[in-house]
Amino acid sequence: MATIKDVAKMAGVSTTTVSHVINKTRFVAKETEQQVLQAIKNLNYSPSAVARSLKVNTTKSIGMIVTTCETPYFAEIIHSVEELCYRQGYSLFLCNTQNNPEKIKNHLDMLAKKRVDGLLVMCAEYTQNSLNLLAAFEDLPMVVMDWGPFNENTDLIQDNSFSGGYIATKYLIDNGHKDIAIISGELKKTTAVMRYQGFEKAMQEANLAINPDWIMEGFFEPEDGYECMNKILVQDKLPTAVFCCNDVMALGAISAIGEKSLKVPDDISVIGYDNIHASRFFSPPLTTIHQSKSRLGVQAINLLFKRISEKGKEHEIIEIYPELVIRKSVKTL
């Protein structure tokens, strides 16, 4: 493999001159520059990314810590982040953690060795262990996305899940539904709690009782929606509507309803959350709460780029508000 010394020898210049041509750190005569570039081409020389980063104090790379990239919601956000990084000339190191503190630590250590310019964090839940690990990297420009806590060392994007849960439930109530079930995520996790509390507030404002037998907890997967819906369907009294706290659980719930020879929305209405790309192709097309994944990703990465270039600025909280998307899975009573 060719070295910078080989390039200098072929071009008939010093290694310092080669370095200036590569890093554009000083004026070099046009003829000399062309000789160096031709030598680089002839030798197929590739400058060391690490060595260059030490000189210009940037690696043009971003680390992204996520719970998983498999779920449609996370995948759509990651896609928007990766696309913008690519357009800005940045590499993206994507690290799946499954909320495992050991994995988080190992990934953070790896990203530190890579000398990434900044860090995006998007986890389904933030344990004290993971918060402590992130705190150790407080000097690194960092944006916490979606459900993370705010502290003075990070920027934060909030998705207002409470508002989304409220909007979804109020829409069902406004369409005449009084017997409403909820299929939630784990109620020990922030995003599930916030969406449930929004549901609870809407029910209380309408003076409607919440049936404890219709409060189901899953893990935001389609099989959870399916299993939770089946637990509801074996009860003597059925709800007229179900609020599923994400779209993939709504898909599972719709499947369970169909297997009992019932129809959505004629027999049971279903509303989801997230407005994933596939939700408009459900049968029937799913009424849901829209949380712009592309906007969330773009806001986060732009905020991080801003933090990288203006490290001394006061940290920010940016809020993104959910919106109702009406399709065909909710019946008016």
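Going from the start of the chain as shown, residues are counted 1 onward.
Including glycine, each Cβ sits where the backbone N, Cα and C put it.
For 4-23 (among others), the entry in Swiss-Prot reads DNA-binding region, with the evidence type sequence analysis.
Among the features that Swiss-Prot reports, DNA-binding region is placed at 48-56 (among others), with the record citing sequence analysis.
Marked as hypoxanthine binding site by Swiss-Prot on the basis of sequence analysis: Y73, K189, T191, F220, D274. In the three-state DSSP reading, F220 (hypoxanthine binding site) counts as coil.
Look at Swiss-Prot and you will find 2-56 tagged as domain 'HTH lacI-type'. Remark: secondary structure over the domain 'HTH lacI-type' (2-56) totals 39 helix, 0 strand, 16 coil, with classes taken from DSSP.
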For this session: State the mean pLDDT for the DNA-binding region (48-56).
Result: 50
